[in-house]
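Engineer: As annotated in TrEMBL:
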- A:1-11: compositional bias 'Polar residues' (COMPBIAS)
- A:32-536: domain 'Cytochrome oxidase subunit I profile' (DOMAIN)
- A:1-20: region 'Disordered' (REGION)
- A:44-65: transmembrane segment (TRANSMEM)
- A:85-106: transmembrane segment (TRANSMEM)
- A:127-150: transmembrane segment (TRANSMEM)
- A:170-195: transmembrane segment (TRANSMEM)
- A:207-234: transmembrane segment (TRANSMEM)
- A:267-286: transmembrane segment (TRANSMEM)
- A:293-314: transmembrane segment (TRANSMEM)
- A:326-347: transmembrane segment (TRANSMEM)
- A:359-383: transmembrane segment (TRANSMEM)
- A:395-420: transmembrane segment (TRANSMEM)
- A:432-456: transmembrane segment (TRANSMEM)
- A:476-496: transmembrane segment (TRANSMEM)
Amino acid sequence: MTSMTEQNDIAAQQHDETNEHHHYAPKGIMRWLLTTNHKDIGTLYLIFAFTMFLVGGAMAMVIRAELFQPGLQLVDPNFFNQMTTVHGLIMVFGAVMPAFTGLANWMIPMMIGAPDMALPRMNNWSFWILPFAFAILLGSLFMEGGGPAFGWTFYAPLSTTYSSDSTALFVFSVHIMGISSIMGAINVIVTIVNLRAPDMSWMKLPLFVWTWLITAFLLIAVMPVLAGVVTMVLTDKYFGTSFFDAAGGGDPVMFQHIFWFFGHPEVYIMILPSFGIVSAIIPAFARKPLFGYASMVYATASIAGLSFIVWAHHMFTTGMPLFGELFFMYCTMLIAVPTGVKVFNWVATMWRGAMTFEVPMLFALAFVVLFTIGGFSGLMLAITPVDFQYHDTYFVVAHFHYVLVTGAIFSIYAAAYYWLPKWTGHMFNEFWAKMHFWCSLVSVNVLFFPMHFLGLAGMPRRIPDYALQFADVNQIVSIGGFAFGLSQLLFVVVVVKAARGGEKAAAKPWEGAEGLEWTVPSPAPYHTFETPPAVK
Amino acid sequence: MYLAKLVVPCLTLLASFASKANDMPLNLTKGVTDISDRVYDLHMTIFYICCIIGFLVFGVMFYSIVRHRKSRGVKPANFHESTKIELLWTAIPFVILIGMAIPATNTLIAMENSDDADLTVLVTGSQWKWHYRYLEHDLEYYSVLATPRRQIENKLAKGQNYLLEVDRPLVIPTNTKVRFLMTSDDVIHSWWVPEFAVKKDANPGFINEAWTNVPTAGIYRGQCAELCGKDHGFMPVVVIAKEPEEFQSWLASQQAEQQAKQAEEQRLLALQMPKDELMDLGKRTYDQFCAACHQPNGQGLPGMFPALKGSDMVMTDAAAHIDIVLYGKAGTAMAGFGKQLSLKELAAVVTYERNAWGNDTGELIQAADIEARRKAAM
Amino acid sequence: MNTPTDRQTQHQQANKKLVGRLVLIVAAMFGFGFAMVPLYDVFCDITGLNGKTNSEAVSTVAVDADLSRQVRVQFVTHNAKGVAWPFQSSLPSIKVHPGVMTQVEFVVENPTNRPVIAQAIPSVSPGLGAQYLRKLECFCFNQQPLAPGERKVMPMQFYIAPDMPNDIGTLTLAYTLYDISNRGDQPANAQTAAP
């Protein structure tokens, strides 16, 4: 993708020497296996993430097909549970997180004027262990007794005493995923702290870099806790400890406390980089600087800080004392304040701008609206008394899919379209890209919006079969699901076309775009910023 | 216009399904209790506040999208901060949140006060059924999904209360404060009746509590809300609220029935059932209670539920076999059926398992054998 | 200005230092995950978060009885899966004055022909009440070996702390009986209730 026979006019001079480096690189598969180049690794991450997105999406299709009608027709309940579990794990750890890491790899060095990531060899490792992790996870599905069937949250004792024999594989693969993302996070932090161009002061950093820095700190803070809790699951199941077994003095609810201590920051790990992406795209297409840059940084930091003291809002029904419920309710509601600030800032950025609506902007605008809807349902879920009614129903499923699909994934699409010309050197086919956007937008709402109603009407989540009253809405949801699934194939068409050819992209293909990445030619040369650039 | 492209299909679709799904409520239930009513009001309050905020924010945004577009020839402004405005829109949400927190706190305090209950029911979840024990009265029983498997497998037309019906519902008196204590035999379950706004996890080894006071007689249906394994979707909750006098007479009749049954069982101990009768009752019992895991062909699900066909224990050790059916097996999904099935059914199902699918041990287990295992310290 | 090579060595040193620190954070957080286990126990002891009662006898201190009010203490016995032994309390519930020592008996029977070890796990609801239920003697402090056919009467002695808030009128004390015969004698981990 990053062939660099073409040199663009802007900043060409500074990249003369980079040609030579490229000629030493190994060719073929070895180039990708051994690469330490941040752009190659970024590409690998992105391709991997999208592949996993399709695999996890295929599982969602199985789920929606089974739920198309009441009754059991396609899969047995045990396999259904494996599908919901592995769908969740793949989407969280295999699609969204690697996609963000891929974007970070590609863009952070170019945004801060660094020649590469700070720890290129570790970068190679952190990517190449990922396929193994997911091969193990997916392989466990074919074991006797099936793969993990206890939900991506793997609550004990369902995941310990009562799980199938493949649980060890699940634990092992989560460990590898954890190691991969910790290495990735360390790399991001070291790069941002040490490799900024001399003039790139903290408050000049693009917001994508800022949000990723904060995300990376969240990652190194909570991924080890996840590693700890899966280790406890492992020893409880196989080595006779009783962390979560009442008979031995443990407490199954403690599992949930430790898990959600990881789990809630994890939710923000999957959305903070989105904030950064949208904060880059909206100003570019509104042709107006981002409103409230400083408050964006502070809001991100405070969301990250608050994420450590709200975890028990996932556990209101476990039987907490009143003061606990109140504390976690108030803290959770507080998150609405910095999140609101962000949305207001984006709207203020658009206000009195001169907007155009290219595909990245369309995805970014859809993000703002639909993520906010997810935020509203999140606020409703924070209110403990009503959470008792919403908890573990499709209302929750609707909520987190709005935040993760129309939130995180839409922002990743926005980023992909925004930077695709920089990566491939070609403009993408606008017609198909717009088709992708509109089909996704309509189908995603047909898919997830009615889920709110299902949840309010009382349909629990993670069930393979349901009462007759839910039949019609489930059918609509399934149709939306199939349409959304198919729409994603359009993205493959657009990317493959752009990678193969198309209209040559200028160094800065978007009129209002700002940032160092647009000062290098498109496609970005294999090596950029070997001497640090000047920052205005 | 993009806007029209976006809105029209959404509206059409929404309208089409709103008319289609006329038998499913599109909003949270108001429920029947005072608490559920307050929860509903709280839900609507927060919902309206969100709608207003959404209307304002999206209104400004769409106005901007329509008016401030390059194609209209506008020149972009260049402002990018305003401390005053930024403080304002930090402070206003804060105030709104306080406005939400006050009613929420009050409702929560009311919900958590479970004192002065007149009736206590111990609710025990197990894979995949509920067990109810009236602590002040000598009565306990299991409550199991009543929907026939053939309906689930699409071989029979589905009934009106498909998946929301049980063999023996929980019965509680109206206008009485009823306290529920929740616990579990195996994994975490969650007992949920939407119309009472009661949802509480049943944790193994721990107890939780919740309460309700139902003003109107009726049948109320709910489901297990916490993923509890394979048949999580098949363990509904059904509660019947009866007038207090009716409840008392129901209670008396149930206790009398329970005693009569026990007396009858003792009387039947001497009875020797012939093989085909045992096998016949055994097959029916097996299909209803055992086949979900061990499968109708006795081969189980490898790695999850052991096969009974050709099983060492089934083929040889009758005592161990009876014990496991009576009391279950610790640390597995195998529950004890000693309290759920009659001696006759237990004898029949054990006989069936020892003689079906080519397990031709030829052994007959009689009610007296079961009773012997249950009673005696051999 | 520095030459590129100078810059590189500088960077490498700075990188090493920073990576070292970050790895320390990672290690610390991994440790913290496990530290949450005892922390959770301590937190529960203080607040009664999960309704666990004291796992060792409280030392007898003279407490003034509060004769102005009564608290209903309800006893629930529950057998875990696979446990066939009849297990009952002598009373379904009892009304006590806070501060007054009370003794209740529980009976367990081993109807099988093998020796077994039982362990009762207590849980109190509402959870906040747990810290006010002070036990001087309880069969749940220890594992209970039962000989074949043995019937054992086990006393449980407790008082309600007089400073318990007035809004707790009923305390439910539930015991779940587990068969730990096959667990071996070793305490499973640091937080085993019965040492």
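Backbone N, Cα and C atoms are what each Cβ position is placed from, and that goes for glycine too.
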Engineer: Apart from its near flanks, which chain residues at least 6 from the ends of the transmembrane segment (A:326-347) lie with a Cβ under 8 angstroms of it?
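Structural biologist: Counting only partners 6 or more residues beyond its ends, the transmembrane segment (A:326-347) has Cβ contacts under 8 Å with 275, 278-279, 282, 290-292, 295-296, 298-300, 302-303, 306-307, 309-313, 316, 320, 368, 372, 375, 378-379, 382-384.
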Engineer: At a Cβ cut-off of 8 Å, and with pairs 6 or more apart in sequence only, do we get at least 3 pairs between the transmembrane segment (A:293-314) and the transmembrane segment (A:44-65), yes or no?
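Structural biologist: They do not touch: fewer than three Cβ pairs between the two stretches lie under 8 Å.
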Engineer: Given the cut-off of 8 Å on Cβ pairs that are 6 or more apart in sequence, determine whether the transmembrane segment (A:85-106) and the transmembrane segment (A:359-383) share at least 3 such pairs.
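Structural biologist: Contact absent: fewer than 3 Cβ pairs fall under 8 Å.
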Engineer: If we call contact 3 or more Cβ pairs under 8 Å (sequence gap 6 or more), are the transmembrane segment (A:359-383) and the transmembrane segment (A:207-234) touching?
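Structural biologist: They are not in contact.
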Engineer: Does the transmembrane segment (A:432-456) come close to the transmembrane segment (A:44-65), meaning at least 3 CB pairs under 8 Å for residues 6 or more apart?
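Structural biologist: Per Cβ check, the transmembrane segment (A:44-65) does not touch the transmembrane segment (A:432-456).
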